[in-house]
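Annotated features in TrEMBL:
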type	residues	note
DOMAIN	1-168	domain 'SPX'
DOMAIN	429-640	domain 'EXS'
TRANSMEM	224-245	transmembrane segment
TRANSMEM	265-285	transmembrane segment
TRANSMEM	306-330	transmembrane segment
TRANSMEM	342-360	transmembrane segment
TRANSMEM	554-573	transmembrane segment
TRANSMEM	649-673	transmembrane segment
Amino acid sequence: MKFGKFLRASRVKGWEDYYVDYKKLTRAVKAEAELREQSTELSLEALESTPLSGGCFQDEFIRQIEAVNLGFDRKMSEIEERRDLMIMEAQRTYAESDRSSSFGSLDPESYNKLRLLQKESMQLMLRELYQDCMTLKQVCDLNFTGLSKALKKYNKSLKQAGQQLHVNVNLQDQAFHIGVSRVEEVAEQVEECYAALFTANDTIAAQRRLRHLHRLGIESQGWLGFYLGASLVCLIVILWFATYFPAKDKCPYCFDSLDTTVPVYRVLFMPILWLWCWCGLCYVWKEFSVNYPFIMSINPYTELGYDRAAMLAAFLTLVLLSNFALFLGAVQTGYEPLGIPFHLYPMGLVLFGLLALFAPKGTFHFKSRRYFFKTMLRIVVAPLGPEVRFVDNYIADVLTSMAVFLRDVDYTIQFYASGAFQDPNMEVELNREYWVSAPLITALPYWFRLQQCVRRFYDAGPGHPDRKVHLLNAGKYATSLTATCMAALGDYTHLNFDELGSWDVGKAIWFTVLVVGTVYAYTWDIFMDWGLLEWNHSYLMPFKLRSQRVYSYKIFYIWAAFSNLVGRCAWAITITPHGVFSGVPKALSTTALAVIELVRRAQWSLIRVEYEYTSNPTHYRSVKEAPMMLNTEGYQEDAKENDKKRFTLTGIFVGAINAVITLVVLMVIYQWYHQKKSGGGTPAPSTAW
């Protein structure tokens, strides 16, 4: 998403006049560049005196700065006046410790009602003042970013024309940029006042209340609770079915049917798990005002957010669990309701996933899916396409943690294309551990990241200090690619440490590369992706935790560093095609390692995006400062009203589907129980799971 669109989407209603007109500045840059191309024989002085449609860039740039400074001074004076009135009102109303003053003549009940009204009025006044402070700070940050980007575009056009920079304006000396400290000072005073009056001097609680984090509405909470409750019922049914031996002795009603179908169910399970992780990430980022839509170039008015993402994740979880409950019940009991063969259940789930992924416009969060597909296209064409953005980097990194999912997609295609889903005794796997496609698919995300590093190395230009960083980053992904390729070529599919002495030279080298890659990646996480440590200038403690942090507790960063090491060890197994520990059921070990790696990636995301937001370490942004995350829920009511009818109809449709699924599950349980009772005896518990 380009900055101009993001700026328009981020504008707060009623504050439009305080924002820089970025569109005028970009038009002035283009107009002046076109005039330079048409007038190459003119001197620079003659060119500057030539009138342009809308004026030359320098004049327009100065006008925009003056307008922004004037608007800031006017709004800042208004906020400071309100701050002074607020302090006077707080002192007048709450400094009195007894009722002997202006309220002494009131009875206790009337006095308490009046004090409650005063308390609510004071809370509202503090919230409004605090929101205005946060809005003004965001406006200043966006204006600074917009002016910096426009100036950068102009400098680039001058460089291409072979001319020198001659715009003598320092944005950091402008009133609107210097005055941000005044805004922050007023905001801190409001926080302290609110904390003293309403939260027993707990400033963190005061910040959270003043920022008024958006909560799910009653209707959303009801549907979310219904989905989660129904999912819990399905999970109990699954656990119940799993404790019994199959009713029939011969396949396909056997454990092999379950074992060969687990990768098919993981195809939907892994994205759903990441969607739940994304809900948690969005919630934490909003809680701590990390502006992730700006960092990831997401339209703040069309992004899912944690509330809609939670609704979608809960619905998909219910679909997955109910489908698996029907499948497991059919395999274990031998009963197929409505005569539907049990192997069609996972196939139906795959078709449902495809329909949801490629649903037409206006359904199933189309704008979010379109944004994802566009980003994926940029990732694939990274070496030759447009410049790499942070979101391209981030999604490609997430894909490296989805190696198991990608291999499961490959397996699912092979599973149904070969017809093996109909007979588990058939050579189902088609020697899948030796398929050429498995190592290729495992290596693809690392190849994409390697190409992104190469592209950024090229874009940095000769002599740029970032070139070394991009080269080292490329080495990290090259190491992972080497480990993956060696595992495929040498057929290293198990880490059998009990036979360590019998390893050949190739396997020893492969394991060494795997260890080096793990240490390499972990070190990069700590020092580069997270910037977790900084120099302490001490021989005893050469490093210390970085001082600029968003999250409140140091223990979280320490825990993240430790758990990331454990997770990286799981990651080392997932990047090896079919690499599992011997003696452990493959479906169980692969699923467990994939879950650990995905949760590790979610934790990694928390600190990675925070570090990018606060420090801009990889220079994806032209300026270090990023606008703060502003709670815009109050400004989206009009858009929500337009979607209210559609949401209600969708809720009714979803409720009907879940009612049918619930009835089918209950029918399967009843039929299974009735069949077992009439056959005499109860099946013995199974130990296969």
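Just so you know, glycine gets a Cβ as well, placed from its N, Cα and C.
When the stretches 224-245, 265-285, 342-360, 554-573 are ranked by Cβ pairs under 8 Å to the transmembrane segment (306-330), first place goes to 224-245. Cβ atoms under 8 Å from those of the transmembrane segment (265-285) belong to residues 292, 304-306, 309-310, 312-313, 316-317, 319-320, 324, 346, 349-350, 353, 398, 402, 404-405, 408-409, 412, 551, 591, 594-595, 598-599, 601-602, 605-606, 609-610, 629 of the same chain, restricted to positions at least 6 beyond its ends. With a threshold of 8 Å between CB atoms, the same-chain residues lying at least 6 positions outside the transmembrane segment (342-360) that come near it are 252, 257, 261, 264-265, 267-268, 316, 319-320, 323-324, 326-327, 330-331, 336, 366, 369, 412, 416, 421-422. For the domain 'EXS' (429-640), the model gives a mean pLDDT of 80.
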